[in-house]
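Chemist: What TrEMBL records for this protein is below:
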COMPBIAS  10-22  compositional bias 'Polar residues'
COMPBIAS  39-49  compositional bias 'Acidic residues'
COMPBIAS  163-172  compositional bias 'Acidic residues'
COMPBIAS  174-189  compositional bias 'Basic and acidic residues'
COMPBIAS  190-202  compositional bias 'Polar residues'
REGION    1-56  region 'Disordered'
REGION    126-202  region 'Disordered'
REPEAT    535-568  repeat 'WD'
Amino acid sequence: MPVTHKTLVKSKQGSNAQSQQKPLAAKTAKVVSKKKDEDDGTEIGEGGDEWMHGKTLIKPPDQLDLTEAELKEEFTRILTANNPHAPQNIVRYSFKERSYKPISSVDQLAVHFFLEGNLLHRDSDEARRQKAKQGLPDEKATVVTETEDEKLETPLQAAGGEEAGDVEEGGGEDGAHSVDSKTGKKEQKLTNQFNFSERASQTLNNPLRERGCQTEPPPRASFSATANQWEIYDVYLEEMQKQEKNKEKAKAVPKKEDDKGKKKLTLVETQSDDLTKVAKVAKIIERMVNQNTFDDIAQDFRYFEDASDEFREQEGTLLPLWKFQYDQAKRLSVTALCWNQSYKDLFAVGLGSYDFTKQGRGMLVFYSLKNSTYPEYNYPTTSGILCLDIHPDRPYLVAVGFYDGCVAVYNLKEERPEPVYKSSSKSGKHTDPVWQVRWQKDDMDNHQNFFSVSSDGRVVSWTLVKSELVFTDIIKLSLVGAVSEGPEGVPPPTMACGTSFDFHKQINYLFLVGTEEGKIHKCSKAYSSQFLETYDAHNMAVDAVKWNQFHPKVFISCSSDWTVKIWDHTIRTPVFIFDLNAAVGDVAWSPYSSTVFAAVTADGKVHVFDLGINKYEAICQQPVVAKKKTKLTHIEFNPVYPIIIVGDDRGYVTSLKLSPNLRSKPKEKKGQELPRGPEVEIAKMEKLLSLLREPENSKA
């Protein structure tokens, strides 16, 4: 074996000598060609001398002249792993602490290039499997042979000197080729070995900018105190005494049902703390979703005006908008409607039943025009609701009258299903259903109070004092007219059944009471023993009686005898009588005109009248329910928007928009501004009344 290696080295040296002779011959050939070029000047073109000269650096005129010391001065730059463009003041909202908190850790990694590869380590099992499949030999044998060759060459290099070095340079490639030829491995070609060029570029770093603002520091005060052992002891003793006193009070006073209810509520509240945090956000999102879902209705509510009114002669239409319904209030009738005077999109709905054979539960529901699919508030009740009224100055207080004779006050601020105040048999509860409740101005002691009327013939004033309702009987209705009890031995006259009442808009003590016998009594708070006036109004029960909002003398009434009548309270006979061919459930004056009113009937129609346009018939008669057997029970005008809400005996509330003809105003002439205000509305109604009074005066 060693003999063969020596012969290999000799052959290598011989081949190196031959290779050295070849480049020498090439050099001599190049020198001869250069001499030929110098001798023969015609072969080189013009400008050949320029290419032969060395390249020189051209200095730009605006370059700074630096000295040798400045040129040799070194500037050190420290490279850090921090990203200079990474933001350092990121703030995120912390739901746990309910405030914005800065983020301490910022990601400094900037990925400039990312490529998924499939390289394998050559010593891994997977690489060996692939080599075996492709039939490639192991590299270990070649490495061993190369190392042995190197070991043999090293002593020859030491002996031979420079010639051995030349031999090594020349024979390296031949040795590699010989090893490759022995192992049978093919030489792999580089795909882009001629076009490769190494390039470097420097990017411009954006200038850093800092912004800061200075705020006034919050007020601070230093407090210092010393806590001695006896002071701590005294505080502990005081706390122990307080706890003992509270325990004695708790033992002395028996626990009430209200306390149990409060405890239950506190337990529920602690469990639902997580839900209450999300409740407000969920409500807003729900309104947004509903607004997108019913966007066409919202657009009609805001912008739609019926253009066909221009081609109708003093007639109008009603455009159906939202329909409000609550699944838990099925099989209940709408027995009361009332708009909130402070929040114009919110209204209350009382649910119960007018059929005395189907009495049971009831419900108080609050809807908003912003969300027609689900109520804002709902309060289930054990008895059916027949009437309600929202306080004009305190929109969170709602007075409610029930079928079982109770009256109650709900506070929307308190999240509990029970009313804040409720009458009982001890506190003057009515013995028959309560048909109407109305808030009044606060009394001399600034206590809130409201009135109620019932079928037991009593008109009662209820005052909210601390935690109870204090009642005062204002008047007792009788069939004969005298309301005081007779002499001894004579039974009192039979009591009349009150069904509705309303207070005068300007005169606080004056009010009207409608009865089940069809009469309307004009009463005063000051006189509890007699009526100021009695009107033979209807042949059946008076369902509603309401004062005009503008004219102080005019009021309207409706009844199940199919009629709506308009009265001047100074005259015993009605001024206008309208027959609607069906039982009239409710009537309401409009808030924008003294001559416009609307009524609903049992055949499912809404009738809108404008006495200034037509004194004999309605300018709009429109059915608003799908089923023929559905009866409309109540109607209310919105105080601001040109819409009305209508309730039926199936628990549905429908909102309708009035067309321009139903709320028409006198046209303004060029250069003239029409007077506006309540005086104009009073003059409109007074003009109508004067036309009807003149024939009576002429006959007299």
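Every residue, even glycine, has its Cβ placed from backbone N, Cα and C.
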Chemist: In the same chain, which residue numbers or ranges, 6 or more beyond the ends of the repeat 'WD' (535-568), come under 8 angstroms Cβ to Cβ?
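Modeler: Long-range Cβ neighbours of the repeat 'WD' (535-568): 497, 499-507, 512-522, 574-589, 591, 594, 597, 599, 601, 611, 678, 681-682, 685-686, 689.
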Chemist: Compute the average pLDDT of the predicted model within the repeat 'WD' (535-568).
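Modeler: A mean pLDDT of 87 is what the predicted model shows over the repeat 'WD' (535-568).
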Chemist: Please work out the helix, strand and coil residue numbers for the repeat 'WD' (535-568) from the DSSP assignment.
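Modeler: Within the repeat 'WD' (535-568) the tally stands at 0 helix, 20 strand, 14 coil.
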